[in-house]
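Per Swiss-Prot, the features are as follows:
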| type | residues | note |
| --- | --- | --- |
| CARBOHYD | N113 | N-linked glycosylation site |
| CARBOHYD | N183 | N-linked glycosylation site |
| TOPO_DOM | 1-36 | topological domain 'Extracellular' |
| TOPO_DOM | 58-89 | topological domain 'Cytoplasmic' |
| TOPO_DOM | 111-124 | topological domain 'Extracellular' |
| TOPO_DOM | 146-156 | topological domain 'Cytoplasmic' |
| TOPO_DOM | 178-197 | topological domain 'Extracellular' |
| TOPO_DOM | 219-229 | topological domain 'Cytoplasmic' |
| TOPO_DOM | 251-258 | topological domain 'Extracellular' |
| TOPO_DOM | 280-309 | topological domain 'Cytoplasmic' |
| TOPO_DOM | 331-390 | topological domain 'Extracellular' |
| TOPO_DOM | 412-427 | topological domain 'Cytoplasmic' |
| TOPO_DOM | 449-460 | topological domain 'Extracellular' |
| TRANSMEM | 37-57 | transmembrane segment |
| TRANSMEM | 90-110 | transmembrane segment |
| TRANSMEM | 125-145 | transmembrane segment |
| TRANSMEM | 157-177 | transmembrane segment |
| TRANSMEM | 198-218 | transmembrane segment |
| TRANSMEM | 230-250 | transmembrane segment |
| TRANSMEM | 259-279 | transmembrane segment |
| TRANSMEM | 310-330 | transmembrane segment |
| TRANSMEM | 391-411 | transmembrane segment |
| TRANSMEM | 428-448 | transmembrane segment |
Amino acid sequence: MSARCCAGQLACCCGSAGCALCCGCCPKFRQSRSTRFMYLFYFTLVIIPCCVMMSPSVMKQMTEHIPFFEDFCKGIKAGDTCENLVGYSAVYRVCFGMACFFFVFCVLTFKVNNSKSCRASIHNGFWFFKLLLLGAMCSGAFFIPDQETFLNVWRYVGAVGSFFFICIQLLLIVEFAHKWNKNWTAGTVRNKLWYASLSLALIMYSIAVGGLALMAVFYTQWDDCMDNKILLGVHGGLCVLISLAAISPCVQNRQPHSGLLQPGLISCYVTYLTFSALTSKPEKVVKDEHGKNVTICVPDFGQDFRRDESMVTWLGTLLLVVCISYSCLTSTTRSSSDALQRRYGAPELEVARCCFCFGPDGEDTEEQQNVKEGPRVIYDEKKGTVYSYSYFHFVLLLASLYVMMTLTSWFHYENATIETFFVGSWSIFWVKMASCWMCVLLYLWTLVAPLCCPSRQFSV
């Protein structure tokens, strides 16, 4: 590693320089992207010990196989076997520290418009000191007095924050559906893109119908599972309702771009949430004619799959981290932030393209051609920020609360462990059901709002 690269990495950790990879074969990194990835890396660093804290089996293995583990636990006054660092209360405290960390930066970076200011330098650099600050905040949360009051209050704060995090994701899904359809419709006259749009709509409807049909086969029985039957019937009816509403003459009159692509995407998402809710539902056990306990309303292979708890748990936890990280990245782009504030680009500026959602964060700069050695960073925010710094930290704050509530099984926290993460609970079931219904209502509102308020200008 060259001296210039070492100096660059030191400037990244202890100064305001951007972080990137040094080797010549590695791609160049925009500062706007590398900063977000670093914060997500810190976010993941906190989630990992939270998962360990919710796993009694992992803590037992650590006690048995790590030398001087008990001495270490006594040294930090965490109990003989670190029992004070295990369970939902420990996760609450660690996530409280992480939420405070992102709240501080949310306030600090409010109204930052370019990367030249002092506050922007703090946001984009000084990673070593920020890691120390994050560790200090998470550790300091364990010294909060009056544990019972703190946990009760923080639980409801976490529930409210998680609700807003879910709402942001649902709003962006609806916005993405409208933007996707509008973008592809812009090219139907010149490049026959409507063929692809129609084909994709048919594929998505096939997925939705097939998914509901498979759930009807595996999650219902002829003489039982009435609640699952009602649930599938209601959600199938909602998919039909939004599809008919999207192509109705009154909606088409106000929104000529409305078609089957948006409701097809929403129907697929409703189907996914329905499946996710059914898999999160507590098992229903009845006695058969021989007096044996039998689990019903779930597929047989699902019972076998759940028995391998370690594989299901850690794969599911990994998927949770990936999905939340992706949500934080996609919901903090400038276009997504503007969409949440009902600010959209002019329709005539839309260019039809298949991969519009993967556009660059910013234009290439001259520095892209000049970086030859050392950290390969492209400073793409000198003229203006690519994303809202404050909003990015706000989303990560909400994501911290969402992770906290998800890992501790929402309001069934007393007996929650990471090993029973996918066993199911009514709290998780109803959260996913509410998310599903809210998504449908949000999409319906985008269709009927121009009809209810004709004097107002709506654009999506």
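Each residue, glycine too, has its Cβ placed from N, Cα and C.
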Sequence-remote contacts (6 or more beyond its ends) of the transmembrane segment (198-218), Cβ cut-off under 8 Å?
228-229, 232, 235-236, 239, 243, 259-261, 264-265, 267-268, 270-272, 274-275, 278, 298-299, 302
Count the residues of the topological domain 'Cytoplasmic' (146-156) that DSSP assigns to helix (H, G, I), to strand (E, B) and to coil, and report the three numbers in that order.
10 helix, 0 strand, 1 coil
Assigned element (helix, strand, coil) containing N183 (N-linked glycosylation site), judged by DSSP:
helix
Let me spell it out: take the transmembrane segment (90-110), skip the flanking residues so only those 6+ beyond its ends count, and list any with a Cβ under 8 Å from a Cβ in it.
43, 46, 49-50, 53-54, 84, 119-120, 122-123, 133-134, 137-142, 144, 150-151, 154-155, 158, 161, 389-390, 393-394, 396-397, 400-401, 403-404, 407-408
Should the transmembrane segment (230-250) and the transmembrane segment (428-448) be scored as in contact, given a threshold of at least 3 Cβ pairs under 8 Å and pairs 6 or more apart?
yes
According to DSSP, collapsed to three classes, what secondary structure does N113 (N-linked glycosylation site) have?
coil
For the topological domain 'Extracellular' (111-124), what's the model's average pLDDT?
81
